[in-house]
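Per TrEMBL, transmembrane segment is recorded for 50-70, 90-110, 144-164, 184-210, 275-292, 304-324. Per TrEMBL, domain 'ABC transmembrane type-1' is recorded for 151-448. Feature annotation from TrEMBL assigns domain 'ABC transporter' to 485-697.
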Amino acid sequence: MIKASIVLALVGLGVLAASVSGTVAVPFYLPLSTLVLAGIMYIGRSIPKFLRIFLVMLSATHLVLVALILGSRVGLITGDYTGYVPPPSAALGATAFGALIFGLAFVPVVRTICRIADRYLESQADSVIRIPFIGLVRAREGTIGTWMIGILIAMNLAQVALAVRFNFYFRDLFNALENKDATAFWYQLFIIFAPLAAVHVVIALTEVLLQNVLLIRWRAYLNTYYVGEWLGNGAHYRMQLLGRGADNPDQRISEDLRKFVESTYSLSVGLMNQAATLVSFVAILWTISAGFTFPGTNVEVPGLLVWVCAGYAILGTWLTHLIGRPLIGLNFEQERVEANYRFSLARLREYTEQVALLSGEPAEREGLAHRFSQIVDNYMRIIIRLIKLNTFTLSYSQANVVVPYILTAPYYFIGKISLGQMQQVVGAFSRVESALTYFITIYTTLADYKAVLDRLTTFEGAIASAQRVGGESKLAITEAAGRELRLKNLDVRLPDGSALLHTDALTFRPGERTLMTGPSGSGKSTLFRAIAGIWPFGEGEVLVPEGQTMMLLPQRPYIPIGTLRDAVTYPGKAETYTDAQIAEALRAAKLPQIAERLDEERAWAQTLSLGEQQRLAVARALLAKPDWLFLDEATAALDEPTEAEIYRIIKEQLPQTTVVSIGHRSTLAAYHDRRIDMKKTESGLSTPVDLRQAVPAE
Ligand SMILES: Nc1ncnc2c1ncn2[C@@H]1O[C@H](COP(=O)(O)OP(=O)(O)OP(=O)(O)O)[C@@H](O)[C@H]1O
């Protein structure tokens, strides 16, 4: 950026010297604007990278314009460039854009956009990209993204330049027709138009390809980043514990990130494109309006066509807004009723068994029909409103075709402008009109975009506070020498800070099977969570034996979507075990009926009964062979003989594993050597009482 600003400043100084000395007849404001741009680039070197790309590309475009103008002045580029690259508007436009981009860096909402966008653009991750005709190129992902955005901006500006050139082509073509000059006509058609049209097609196609590659790479990077942050250090679990600010993380990661990337790109590059179009074509309208008088008077109005066009665009947009405004509310309502309907269907799918048992199908059908009728009703209102709106917009766009003729015909008939210039006005008028309309109507898109930004920001905030709670937790999990697991001065609290349980000291010895009992809600599961290191609320020390592995089986195990093999080996990799080992573990866990179906992919959590799911989790433990196995009512859904068999298998197949169980059944005591009872004091605080000996089975 510093180098680029120095180059720009040197060019500016050189052209200024040439202009002052009279070597080249260049108006002095052109090098002055180059110098101002160089200054903006220099002081803007610390603004977000996303904005810097626009600043650098703008300066590069400005240099191209300077080169074109200089070239035409020294006779390098020949041709009729009257009004083609109008120096005052190019200089003014570029400087104003530069200042605007710099100023945007201080607008809070733009800073938020840039902060999220820059995560990608500043990424240091090594990556590769396949470039046609060059092959695979290795670079940092951020560098790849930066170049892609830069090239896309250049392509957009090149499209604007081409549009301007086409506008002049139409002038020359129609002038040739007016003058019945066949040579000039064919020249314009084949020598000027054909190559330009080919360039236009190539740029447009490349742009589509590049834009889509950029958007998917950008989204992929942000997706990995946000998923990583969400899952990092158990933030996802703590966010749920804290329960604030981050509903539907799934929507934020899948929908909002996609919308963010698409809208950030289309709004920023689109705005730049439309602004460049506006400046370029306003200049054409302004130049052609020279000497135009207000109809019926002798009063000359500078840039008359520009003012008429602006007034026309504002009137059109205002009427569109008046007629179309109810659509905003109607579309919002449509999303709401669609979401309600989707939710009812998803809920029905979840509770299908319960509905079937209650024979609730007729009630469900009625409920669904009612919700769907809301969709239809609102949709009809949207259609009626759209018809009203389209009646206006279609008439307006038809009027667009004739208005420029009505405006210019009087001047043509009195010989003030040529037929070619009249054609030029027709083209420029529609460009200026649509650019102005774009600026005026963009606010509805912006409102949606702002909502996306807000959702991503609150999501980030919730992740950050979850990470903070984890980082600041006074509940320390420390690896210590020795083979015992010890709790020292442990206070476990609830998320709101109230005390749940306390123990001065509690030791779990290796090889000793412990059963933890106590009233429901006394904090047994929460103590397990604290030992597993996922519960951040509380103070004290949990000393876990160094280098030893732990596994905790909850009452309702998690079964991922995928094959049975993936479900059994979760969270490890399926390749770690042979099929024979996995099948053997399933058989040992009393699931012989599914041991041969390892490749089967289905929603296992919905297919297997709770008792079967618990046995699948035991199979997981048999494969993983942890040093410590915590069973939190992990066999509660089994019948007593099967539960006994499972405990026997665990003891037999995992002789090195220390088992600590939570359970309410008295029969469990038989499989344990020691019992700890969670007693609740009158103040509500629980404390584990060591009963040393397990209560013998009745
Ligand atoms: N995320 C949470 N937010 C607020 N309170 C919680 C949370 N998790 C647990 N609790 C509360 O902590 C207390 C202890 O819960 P815990 O699940 O540890 O009890 P438990 O002894 O295992 O009970 P049970 O025998 O019924 O499984 C309960 O009052 C519960 O409501």
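Placement of Cβ uses the backbone N, Cα and C atoms for every residue, glycine included.
Cβ atoms under 8 Å from those of the transmembrane segment (184-210) belong to residues 148, 151-152, 155-156, 158-159, 162, 165-166, 169, 172-173, 175-177 of the same chain, restricted to positions at least 6 beyond its ends. With a threshold of 8 Å between CB atoms, the same-chain residues lying at least 6 positions outside the transmembrane segment (90-110) that come near it are 29-30, 32-33, 36-37, 40-41, 43-44, 47-48, 51, 54-55, 58-59, 61-62, 65, 69, 272, 275-276, 279-280, 283, 450, 453. Under 8 Å from some Cβ of the transmembrane segment (275-292) lie the Cβ atoms of residues 82-83, 86, 89-90, 92-93, 97, 156-157, 160-161, 163-164, 167, 300-306, 309, 411, 416-417, 421, 424-425, 428-429, 431-432, 435-436, 439, all in the same chain and six or more residues away from its ends.
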